[in-house]
Amino acid sequence: MRVLIKNGIVVNADGQAKQDLLIESGIVRQLGTDISPQLPCEEIDASGCYVFPGGVDVHTHFNIDVGIARSCDDFFTGTRAAACGGTTTIIDHMGFGPNGCRLRHQLEVYRGYAAHKAVIDYSFHGVIQHINHAILDEIPMMVEEGLSSFKLYLTYQYKLNDDEVLQALRRLHESGALTTVHPENDAAIASKRAEFIAAGLTAPRYHALSRPLECEAEAIARMINLAQIAGNAPLYIVHLSNGLGLDYLRLARANHQPVWVETCPQYLLLDERSYDTEDGMKFILSPPLRNVREQDKLWCGISDGAIDVVATDHCTFSMAQRLQISKGDFSRCPNGLPGVENRMQLLFSSGVMTGRISLERFVELTSAMPARLFGLWPQKGILAPGSDGDVVIIDPRQSQQIQHRHLHDNADYSPWEGFTCQGAIVRTLSRGETIFCDGTFTGKAGRGRFLRRKPFVPPVL
């Protein structure tokens, strides 16, 4: 199969040029002006459009069981939505397994979830829900098998204490793995939540009030210090929602610590006023939405390079699930928002088209840096000879209003309903195969491949 994309502006993290792009057998073979292939091929005219590397979303939760509910997107509907939004690779955060289970247990479960369903290429982050000698011994074997990042939680049922965190950080560092962490102070949250529940204050706005930004920022600072104690272990903070936590990360970098951070579109574009609407339960997620001042601080980090990655934390529970389970009580509502289909378009519209970020920075945030950090570079995250032919074509001239009835996930609502975006995703190619074109999904379940990722190496830019 040969595909020639002509007349577009090809953009990588290190530059852009108007040139053609030739893909053969799923691999980029040539970039240049006026490419004339000697053999027949499909031609795609990208005149007036940008040709980007396919998006790499390193934070999704498909088919996750959170105890009170299972998310309504599985690895078909979730990756279908990703494909229609210009994302061609996902790394899914595996959910907790049975109490006392080995790391391999969840990997086998999740590979079963994704096989025969995933539309795009995929990998997983391991999850460390308890620490013992068997778990620590298992980590290097998992890295050898292509799982080079693992997640720790400082909140929820399987939160780790400081001693367990230190043990995990040391072994992951020694094994060539990157530690990712959900940082919130669980004890402080539990105290605040109990106060509100005792007072009968269970409306959605009290979800945000029970998880103030200081709970997140304190946990970020603690993880930074523990990583330093653990031998300057590399650390990746997921779903940052506030500026104070970003300040701590800036300080750590000034002290030459290997720390990286992601944020998500919801923290850049939605705010805590959503909790006071009639549909406030739609916006329950953790960390919660913050105020506009915190948004502005995050946008500064996006613009000046302090934030490395924009992912989604896509974790979809339908409004029907939320209402049935919660009965209007925030503390009983399953947490998470949909968004894997909207990430690329939202950041392009609100970042590039407003002048906040360059085209190159857009690529860095959405594909290049995620691929570098998580062992996929240069197979993913770049359009260059030898890389996978993963492409998203965006037409900046088109304006679109987001409406859930046009989306491809399995939810019954979108938090982005009514958002108007400048710039439209017109085509997505995965390894040279068109899987989305002009509003129509054309991929097939099961075509996605499991990606064995390389051990962690700090990116050199």
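A Cβ is built for glycine as well, from the same backbone N, Cα and C atoms used for every other residue.
Among D304, D308, D313, only D313 appears in Swiss-Prot as part of the divalent metal cation 1 site alongside H59, H61, K151.
Together with Y156, N335, Swiss-Prot lists one candidate of S123, S191, S286, S387 for binding substrate, that being S286.
Listed in chain order, the extra residues whose Cβ falls within 8 Å of the Cβ center of the divalent metal cation 2 site residues K151, H182, H239 are H59, H93, Y153, T180, V181, P183, I237, V238, D313. All protein chains considered, the CB of N335 (substrate binding site) has 19 other CB atoms within 10 Å. If you take the Cα of H59 (divalent metal cation 1 binding site) and the Cα of Y156 (substrate binding site), they are about 18 angstrom apart, rounded to a whole number. Cα spacing between D313 (divalent metal cation 1 binding site) and N335 (substrate binding site): 11 Å, rounded to the nearest whole number. Using a 10 Å Cα-Cα cut-off from K151 (divalent metal cation 1 binding site), none of the binding-site residues among H239, S286, N335 qualify.
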